[in-house]
Amino acid sequence: MAELKLGYKASAEQFAPRELVELAVLAEAAGMDSATVSDHFQPWRHEGGHAPFSLAWMTAVGERTQRLVLGTSVLTPTFRYNPAVIAQAFATMGCLYPGRVFLGVGTGEALNEIATGYIGQWPEFKERFARLRESVKLMRELWLGDRVDFDGEYYKLRGASIYDVPEGGIPVYIAAGGPVVAKYAGRAGDGFICTSGKGEELYKDKLIPAVREGAEAAGRNAEDIDRMIEIKISYDPDPELALENTRFWAPLSLTPEQKHSIDDPIEMEKAADALPIEQVAKRWIVASDPDEAVEKVGQYVTWGLNHLVFHAPGHDQRRFLDLFKKDLEPRLRKLG
């Protein structure tokens with residue numbers, strides 16, 4: 001069985017840069033093994049939203065912590081970024097913080113790419129997925145430290161080299177919401193990323209089997225693939241506060257089509273605020289009893305996930321981290 005790891009999701013859409021760094025430092029003190037950050041150019045919400053640059057945050061946190069593994073969850077290396085530049089950035093961080101950096105990638109959302117200059121109709125999944133696969137291949141070639149000529153359908157390199165690369169390159173974690181990309185994660189990823197709250201069948205019968213299938217097809221051991229899940233959890237001894245804290249993150253309860261196609265945070269906020277709190281809370285483990293919270297989290301471990309990254313929705317993250325250290329962390333460690 002893969003090693004159980006506990007992580008903290010730094011909510012870049014909710015907190016300003018300095019606060020987000022301090023929260024990661026506190027997360028290490030609370031016993032977290034990792035800290036991940038999203039890479040949004042625009043937040044899910046216009047009012048009260050934030051969108052600090054993920055790579056600057058990772059470097060700042062790297063300087064302030066000793067053991068936290070840091071990564072994106074997730075970054076899209078295919079539209080507003082050139083994947084060669086992302087490869088260079090992560091190689092530099094890998095040299096600065098050896099063994100503590102990974103690159104989590106996904107196929108992208110219009111919210112972040114249209115505003116930054118993508119021209120034309122937002123691509124369908126087929127093209128976005130093809131771009132992702134090509135970008136990962138390109139970055140891995142650059143991390144070998146050799147001169148690279150790359151002639152892809154979307155990206156090209158001519159005599160390109162990254163001069164400072166960490167030994168072994170950078171682990172790539174691939175985010176998937178369905179079996180097609182999950183199979184690719186098993187075939188080509190060092191890790192796999194998904195999010196909680198979507199029903200047992202998705203994880204137990206689709207995603208994890210697809211990761212294993214992809215690994216087996218590539219002649220790999222599926223147990224070597226870190227299986228990460230963002231656990232949406234609103235835990236507080238005050239049950240009313242635990243429920244109300246989910247409100248800020250109402251956009252997560254929109255349909256996948258809305259989340260991938262709406263390109264304006266103002267419109268995203270309008271659509272999300274039209275949802276009743278009961279629907280918003282369905283995506284979350286809402287609990288005021290620590291045993292109940294850990295029992296619900298434990299289901300994901302039995303379904304095959306081993307790296308649990310906790311995303312708490314409330315504005316008082318210090319309170320959550322204190323409660324995590326006192327109430328949840330000792331119980332969670334027993335799941336391993």
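Placement of Cβ uses the backbone N, Cα and C atoms for every residue, glycine included.
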Further coenzyme F420-(gamma-Glu)n ligand in Swiss-Prot, beside THR76, THR107, GLY108, ASN112, GLY177, GLY178, VAL180, VAL181, within candidate set ASP33, ASP39, ASP224, ASP226:
ASP39
Report the candidate from ARG220, ARG227, ARG283 that shares the substrate site with THR195, LYS198, LYS259, as recorded in Swiss-Prot.
ARG283
Neighbouring C-beta atoms (10 Å sphere around the C-beta of ARG283 (substrate binding site)):
19
Tell me the Cβ neighbour count for VAL181 (coenzyme F420-(gamma-Glu)n binding site), meaning other Cβ atoms within 10 Å of its Cβ, over all protein chains shown.
26
Over all pairs in ASP39, THR76, THR107, GLY108, ASN112, GLY177, GLY178, VAL180, VAL181, the listed coenzyme F420-(gamma-Glu)n binding residues, work out the largest Cα-Cα distance in Å.
23
What subset of the binding-site residues THR107, GLY178, THR195 lies within 10 angstroms of HIS40 (active site, proton donor) at the C-alpha level?
none
Could you state the whole-number distance in Å separating the C-alpha atoms of THR107 (coenzyme F420-(gamma-Glu)n binding site) and LYS259 (substrate binding site)?
12
